[in-house]
Amino acid sequence: MGNYFPRWINWLPLKIAVCLGFVAVGAGAAASYYFTPKYTRVGYEPTQPVAFSHRQHVGELGLDCRYCHSYVESSSHANVPTNETCYNCHGPDKGQVKKDSVKLAAVREAKETGKPLEWIKIHKAPDYVYFNHSVHINRGVSCVSCHGQVNDMEVVKHAEPHSMGWCLDCHRKPEDSLRPLDQITNLNYKPEQLSREDFYGKMVAKGATLEQLAETIGAKEEAKPTDLQSLISIAEKAYGPKMTQTEVGCQIKARWHITPPEDCTACHR
C-alpha cells in the first residue's frame, strides 16, 4: 500500500511542540514584565538634586501642594517648582530659613549660575497617552488618588501603577475618588469628618434642589425633604450617622454630571 502522507509529516508534531514552547516562554516573559511593578514603575524612588522632604514640608508644616505645583488647577501639565520658589523661603535675602544648609547647596548654585534645577521626573505618562491634570483636579480628584500619601513620604516615589486598567477602574466608578474641591489638597481628608449640614448646604447654595439631593441618596418618593434638616435625616437613615465616601462621591458625580469617558480616544489622541 502506498504512503498517503509525505515524510515531512513525521516531523510536524515535533515542530508544533517546539513552536508552542517558544510561545509559552514568550508569554511567560511578557507576563513577568508587563504585569509587575517593574513595568508600572511602582516603587520607583529616584534621588533628586535637592533632598526635599514632602513629609516635613507637607505633612508636618502643612505646605499646600499648589505652592510648588502652582499650575495644577489651570494647566494640563503639573509643573515642578522653580529655583525661585525654593528661594522664597530659603533665600538669604528672603525667608532665610536654613539659608546655609548643605542640603540647599544645589539651590544656591542654581541661583548663582541661573541654571534651573534639574528635577528627575517620577510620574511619566507614555507619549501615546493624554492626561490633563486640571480636568481631574477641578472635578474633585485629589493628589493622593494618583500619587499616594506624599505627605508621609520622605522621598517621593511612584506609588500607583497608572496602568490603563487602573485608570479605567476609576473612570468606571469615579464616586470612589471624588471629594469637595476645598478638600483636594487636604491629604489627610476623611469623608466622615465632613459635616452634612455644611456639605449639603453648599450643594443647595450652588443650585441643587433638595429633591435632587434626596433622589441621589435614594430616598423614596414619599420621603421628600422639606428643608435641609429633613434632607440630613434622610441621609443619616441611608448612610449612617457619619458621611461616607459613597455618599460624597455620588452627590458630586450627580451634581456635576461626571461621566468619565471609557473609549480609547479619551486618552489615546
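Going from the start of the chain as shown, residues are counted 1 onward.
Keep in mind that glycine also has a Cβ here, set from the backbone N, Cα and C atoms.
Here the structure is a predicted model, which means the values were calculated and not measured.
As recorded in TrEMBL:
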- 12-35: transmembrane segment (TRANSMEM)
- 50-96: domain 'Cytochrome c7-like' (DOMAIN)
- 129-175: domain 'Cytochrome c7-like' (DOMAIN)
The domain 'Cytochrome c7-like' (50-96), counted residue by residue under DSSP: helix, strand, coil: 19 helix, 0 strand, 28 coil
Helix, strand and coil residues within the domain 'Cytochrome c7-like' (129-175) as assigned by DSSP: 24 helix, 1 strand, 22 coil
